[in-house]
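**Q** My questions will all concern the structure given below.
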Amino acid sequence: MNNEDSLSYSFGRMMLNQQQHHHQQQNNTQVQQQQQQHTTQFNQVRFGGNYHQQHQQQQHHQQQHHQQQQQQQQQQQQQQQHPQQYISPTFSYVHNNSNTSITHGNLYDIDDNQIDNVNIIRGGNRGYYNQQQQQHQHQQQQYYHEQQQQHFNINNNNNNSNNNNNNNNNNNNNNNNNNNNNNNNNNNNNNNSSLITNSHHAQRIVSPIVNGMTSSSGSNMMINDVSFGMNGISSINGISINNGSGDIDEEDDKLLDEQQQLLQRSLERLSDGEEISFGNPNYFFHPFSERNINGLPSTNSSIVSRQQQLQQQQQKLKLKSSPSPISPFFYTQQQQQQQQQQQQQQQQQQQQQQQQQQQQQQQQQQQQNTSINGIIKIDQTPPTPQYIANPSVSPLNAPISSPVLGDIYSGNNNNNNINTNNYRQQQKLNTSTGSYQNMSFDAGVNGFNWSPSLQPDQSTSTNHTQAMLQQQQQRQQQQQQQTQNLVYLNNQQIKSTVTSNRDHWSSVVKPPPIQLQQNSMQQNPIQQQQQQQQQQQQQSLLQHQQMLQMQMQIQQQQQQQQQQQQQQQQQQNQQQNQQQNQQQNQQQNQQHYPNQHHGQHQHNQHNQHHNQHHNQSHPNHKNQHQKQNQTQQSTQQQQQQQQNVQTSTTQSPLLQQSQQPQQQQPPTSNQRQQQQHNNNTNNVTTINNQTNINIINNDSDNEELLTTVNHSKPPPNESKRGELVESPVSKQQYKHFIKQFKLKEKEGLEIAMEFAFQSLSVLPEKVHWRVYLELADLANRQNNLKLARKFYRKVTSTQPYISQGWLEYAKMEEDYGRLEKCQKILQLGLKHCPFNESLLIKGIRHEEKMDNLEGARALLSQLRDQSIYKTWRAVMEGGLLEARAGNIDVARKIFKYLMKHVPWYGPIYQEAYKLEERCEEYERAINIVEKGLFEDPKYGPLWFSALRLYEKTSHGFLQSTRNTVERARQAVSREVTWKIYFEAAQIEERSKNLTLSRAAYVKSVELCPENLLWKVWLGGSRTELNADNICIARKLVFRALEEVPSKLRSLVLLEYSRLEEYAGNINKSRRILKMAHVEARLDWKVFLESVLLEMRANNYEAAIKEAKESLKIHSGAGRLWAALIQLNQLKGVKSQLNVFKKALQFVPKSGEVWCEGARIALNNNELREARRFLEFAIQFTPQFGDSFIELLRLEIMEKGPNCDISKLEQLCINADPNYGFMWLHCTVCVLDSSRQVLRNAKKLLLEMTQPKEQYLEEKKPEYGSCWVGSDGVLSLNRVFRNDFNNMSNQEKRKALFGSDVVKP
């Protein structure tokens, strides 16, 4: 090398070094800022808490560092000659015995014995840093950056001289890797030195958990990835630990010397022409920006790598512009480029030859290797237009290979694939020849495959398009032939053919992976023009393809229309032929009619002879029908086969897999019966269509069969059933009408009727029956019976197949006491809707009300031929009918039959259990409940029934009951679990186990939803009140008031007022009820409680006043009228009768009012009237228990103490009453059955009732001041006339709360 060349080379290198140094400083400042942001975010997530103090200290030190940059630049040369000792900042863990400092990393290896002696010092509460150490840190960073810059300069020059210009991107990456691996080499060569790391991120990464680590000094050993050196410096997983021995200055000098030696060795290797193996990680230093911290990659790595690439590209451009070569290896690179160009030319020639061969094979195998739809399958996504125009521009436009066949193309596919340029040329050749396919998605064996759309150029003529249309028609014909053949193939054969075609075409069409070169980034203007022309051609080709697709769709539609017309003509011809045959058969049967009195054998022979004669006389006619049927069957089979093949090919494997489990599910019993019924009807019609032989008999059954077979007109019922379906538009119109009609109702009946009649002209006919139904209801509420009947008749005439009209009409007649007319209406409705469950149940109950059990059983007998799965609800009503009639054995058989055939319906087991419980057969009831729980373990009511039964049969031993609670908790859903614990708490309360009851309430609170917690607090308050813990009960009521919804607040206020009354605070109770009158004005129970409060306090005048004020607001509350009747007994019988008559005008169906009328009749010794009134009371309100007790008293007065009350017990069992003052007085326990309460009432009546004669003798006028009856009769004076304060606590609670049991 000459002196001038060496001088120019050294001068250029100095200039480049200065520029690189300037750029590197700017980059370092940016990188440091970004690193600081990253460390702040990372440490906030890692440590949290008091990290802001550390961050402020770092910012302050950074400002000092920027001020000292100029001074440091001047001292760089001195630092290179005499480097200072740089020490990485560390966390200091001060041990009491020995000074052990851990730089950063994992603390899992510290011994447990050392934990107590380790003090973690981290800035304030978190960590601590020395300012001197931070200054050393900044100096250390600058020192290593300068070394890296020098290393970059040398390596860039050498690598640019050695490598080709086409591989600039690789060289940039190699330089980065060289620099990255240099540090690793330095660190690996020095076994006894500590790793001095840049601790911007790592200095705060300290694991919070400390596990066993043993330390030793003076020997090299590894324990759990812990290395200990001879110089006293140990490392844990690559992290240095200083044990206090050794000099850091000497180690740094050694490191610097070793780094300089490595640099010299790398330069010597480059000068010798050796290639650097980038796979070796020990060559160059690994920069901090690309490190991973605790598995998290640094965010600055991408920024630094981009900046380095830009700098290296600028250097290379400058080096290219220099006239003199930098290294003697430049000429060798030119030779290598020439050799590469020659090799590329040879490859292109070989590829052109392969293209010609492939095109010939492609044309020959297009018809063979097409899919079922005639479309080639290619296992890749479609290439974008940019990729077709210039495939070497960007890899983002390249087609993506299919993931389904990734195992086939996973290796080096250079031999199996062709170049992208050849692929583009092949597409152009295909467009010029016109051999293209439409782009479509076709489902192959392994998934969706794309077939490319290679369209002809814009220069194609109309003749060419016509030829293409003809080719497509030919292909369709070939497809039809192929599909007919493919039907008879097995699924495996079809799969094999599809996969073979796919594998063949994928090797031809699939492009290889694209390798980008740097020359492709620079495009000539000529190439750009070519790209624009190609894009324009592609757009025109797309438009042309759309036009062709539209033409093909129009042709397909025309063909389908022609096929439909032909099918219709064939069907018409068949119908005409059938009609002619039927007419001929009828004429011949009329001739043979006199021979009808012969035996059945002769009649069959005659029919056979007639059929033979008909077949002989018309052989051609029969053959024609058979041929037509055969052709129809063949066409139908072909269509079905084509559809099956298309669906199998178009559906993806995932969809087929999702459909397979649905097909494998067994059909339900209802579906099986429907399938059998449809199969039978289809078989009958197919046989008649194929044979055209109708065996005609003159019986009525055969005539009905002929009407169904000959497709005669449907009966009028069927024509009107089609009108039941209402469109969404008609429903929306009806909703709009109802809103306006409700507003017109308030103005009056006439205005509403006028509006309704006007709306009939606008509304559709399908909705007219609903309008008439609303008008009938309005007339009924206005007590216009005649008008209501007219409208109901209009409803039943327009839509007789809707049960709602019949039910409303029958209910109106029943309300007016016309039971016979109601019966006729229900019978007429069942003729039109014979198997409607609501009509059947209503009819059965009405027949039972009329004491016509035979009529009810006759209605049930109609269901004999019907499926149990459609009529099981009506059958269950029949079982309840027999149970109410006292036929217990028949009812048990019916329920047993239902439990066998409908085991999945829980209410069947519930009704069967109630039947056995009413009969006091508790063991049978338990067996039924357990059987039901086995079939449906998540049905909650059965679990509550089981708890009730086990508590009844426990006799104080609750082990089985508690086991049932645990079973129920595991079986039911979480929404019901809190109710199980609530019931368990009440069970424990009744057995006097308050601790267990409170524990169960606590569990109920834990599992109860927030909107229902008030019920648990209310139940707990009632429990504490029964235990006379009034303070705790009051607190729980307050808690319930806080959480109860506003709509149910009145219930909690009632509980609060009763609690204060029980505690003796009557005035406070009155104030609470007054507040409840304002908040819950619509709740009549609040007003009734005010009346009862005054009655219990013996303030009868105030009670009468409260009752009259309450009736002004709630005139429809029967219990308020009953209380007013009781209070007017003090004023005499006449006043009582006047109130009774007035009450019947407002509440004619109130059982409480009729019961008070019966008491008035009993006091006046009018026993017949009393019995009649009590029957009304039981009929209208069967839940009111006082009616049954008064009826029992009437029976004892008439028939004596030894009277038979079995019918009364059965009546009481069927009604199952649950409230009433006298009823609750006779109830000993909540678990008592209706029969047990009635027996208790009889005992009390016999003990307290005097004989009838004495009763009549002692009846005096002054007894009118009594409540009901004399003192010796069980009457209300036991409840009210006694002083409330003199009662026991149990009697007070019974009088206060009555039947209001808190239920979950």
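Positions of Cβ are set from backbone N, Cα and C atoms, glycine also.
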**Q** Swiss-Prot lists region 'Disordered' for one of the ranges 416-446, 447-477, 540-570; which is that range?
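**A** Feature region 'Disordered' in Swiss-Prot: residues 447-477.
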**Q** State the residue range annotated as region 'Disordered' by Swiss-Prot; the candidates are 101-139, 296-334, 491-529.
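**A** Swiss-Prot lists region 'Disordered' for residues 296-334.
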**Q** With Swiss-Prot as the source, which of 338-360, 361-383, 706-728 is set down as region 'Disordered'?
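**A** In Swiss-Prot, the region 'Disordered' feature sits at 706-728.
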**Q** In the predicted model, what is the mean pLDDT computed over the repeat 'TPR 4' (1046-1079)?
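**A** Averaged over the repeat 'TPR 4' (1046-1079), the predicted model reaches a pLDDT of 94.
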**Q** For the repeat 'TPR 3' (978-1011), give me same-chain residues lying six or more residues beyond its boundaries with a C-beta closer than 8 angstroms to one of its C-beta atoms, as numbers and ranges.
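**A** Beyond its ends, the repeat 'TPR 3' (978-1011) has Cβ neighbours at 940, 943-944, 947, 951, 956, 958, 961-962, 965, 968-969, 972, 1019-1020, 1023, 1026-1027, 1043, 1045, 1229-1230, 1304.
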**Q** For the repeat 'TPR 1' (769-802), give me same-chain residues lying six or more residues beyond its boundaries with a C-beta closer than 8 angstroms to one of its C-beta atoms, as numbers and ranges.
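**A** Answer is 717, 720-721, 723-724, 734, 737-738, 741, 745, 749, 752-753, 756, 759-760, 763, 808-809, 812, 816, 828-829, 832-833.
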**Q** From the DSSP assignment alone, can you count helix, strand and coil residues within the repeat 'TPR 2' (899-932)?
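**A** For that range the per-state counts are 27 helix, 0 strand, 7 coil.
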